[in-house]
Amino acid sequence: MVIYDSSKKEYCSLEPLKNRHIKVYVCGPTVYDDAHLGHARSAIAFDLLRRTLNALGYKTTFMKNFTDIDDKIIKKMNETGKSLQEITSYYIQRYLEDMEALGVQRADIEPKATQNLDAMIDMIERLLQKECAYQTPNGDIYFDTSKDEKYCTLSHKCDEESMSRIEPNPDKKNPADFALWKRCKGEGDVCFDSPFGKGRPGWHIECSAMIDKHLAYHDTPFQIDIHAGGADLLFPHHENEAAQTRCACNQELAKYWMHNGFVTISGEKMSKSLGNSFFIKDALKVYDGEILRFYLLSTHYRSDLNFNEEDLLASKKRLDKLYRLKKRVYGVQASTPQKEFVDELLQALSQDLNISKTLAAIDQFIAYANEHLDNNPKDKAFKKQIVANIEYISKLLGIGHKDAYSYFHLGISEEEKQKIEELIEKRTTAKKEKNFQLADSIREELRSMGIAIMDTPQGTLWEKI
């Protein structure tokens, strides 16, 4: 498999550190609010990576963290009067619900920052002993970036514009130095005991320490195979992670670095701090999770995606075609997927998750299958292979797994379904009584409601247009 390494800025052949086992770490959410479509995009992108690696025969260990202590969480506590545990457990559960709705597989390891303070304190102590960190007069502990000769070689973003994102502090030795431990500020703060005094960890140390504790190899030049996350995390977060690990553990953090593009609205990056978030939960009230997944999946993971309803509906129509084919082979048992088709999909995804080629291959399969069924409606062996191919698509991309008829009823309330069924029953009675004028009138009434009907040997079927 070939992937694009964000640090090297080139395509690399994926060579596991050990055997055919790939260890992947993806930065998870800071749980102070609901997740937005930017979080969904990242989760879906690397879920596709995981599914592809598994399909290619690699064993994977996948880890995603929860940042459950942070300035934003403390601010939320002070605003709401709720405890740290109340806020973080609530938003972790909501995040997991969102991921389930989007078809994102649970990570093998899901550590929380507050449950791994021992690992963070241990890493900070190592950095202090090596004189790669220092304590300021007010008790904060900072990483000394001047002690890492390779600092900025990951992101290549130590220019003036990038450095302007870093909060200035007169107690720091160097402008790029970053907090490892923040001294307790008193009332309203969240504090933990440590050898350095009461306080809490900085954001960057959390990921490095949890990787070192739960996922890392300690006998290889790199701790893990792939570190992944959103492009906005490359600097300073991932740069700082890499520096800490290098200095504390005498290892590089990851052999490969992968970053997904932004989700934008009118060209502006989606983030909660900008106030233009489209929360996943809000989107799920309007669109089914599978449709959202397919839409977010349909643009290559490294490209920015400008969210708009027109593209989403076009994406839905593309997914509709798969389900229409699935309806044509409803009730047929699968045989085995076509080898040439499987190879074509895996070859495309093996090229840095080339989703465009992957979906083109699926479109071609759907078109050919429909044409063959039109000409050979009784070809049972072919129908079985169609079902097998669709099942393989479902396993690989996480789409196409719903009941074909239920899919076309998505977004219809139970009350609306009851009305539709009553009209269809009324139409069936009218046809039996040869009242074709009434039957046609009911068909038009249903069409005006956005419902198309099809008369089949199994009865009248309907779907949302």
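Even glycines carry a Cβ here, placed using N, Cα and C.
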Identify the motif ''HIGH' region' range according to Swiss-Prot, selecting from 29-39, 128-138, 139-149.
29-39
According to Swiss-Prot, Cys27, His237, Glu241 bind Zn(2+); which one of Cys12, Cys191, Cys207 is listed for that same site?
Cys207
According to Swiss-Prot, which of these ranges is motif ''KMSKS' region': 164-168, 219-223, 269-273, 324-328?
269-273
As a test of the contact definition, list every same-chain residue at least 6 positions from His237 (Zn(2+) binding site) whose Cβ is closer than 8 Å to its Cβ.
Cys27, Trp203, His204, Cys207, Gly229
Residues sitting near the motif ''HIGH' region' (29-39): Cβ under 8 Å, six or more positions beyond its termini, same chain?
66-68, 70, 72-73, 75-76, 87-88, 91-92, 94-95, 98, 230, 262-263, 269-272, 277-281, 283, 292, 296, 307
For the binding-site residues Cys27, Cys207, which one has the sparsest Cβ surroundings, going by other Cβ atoms within 10 Å?
Cys27
DSSP residue counts for the motif ''HIGH' region' (29-39), split into helix, strand and coil:
3 helix, 2 strand, 6 coil
For the motif ''HIGH' region' (29-39), what is the mean per-residue pLDDT, to the nearest integer?
95
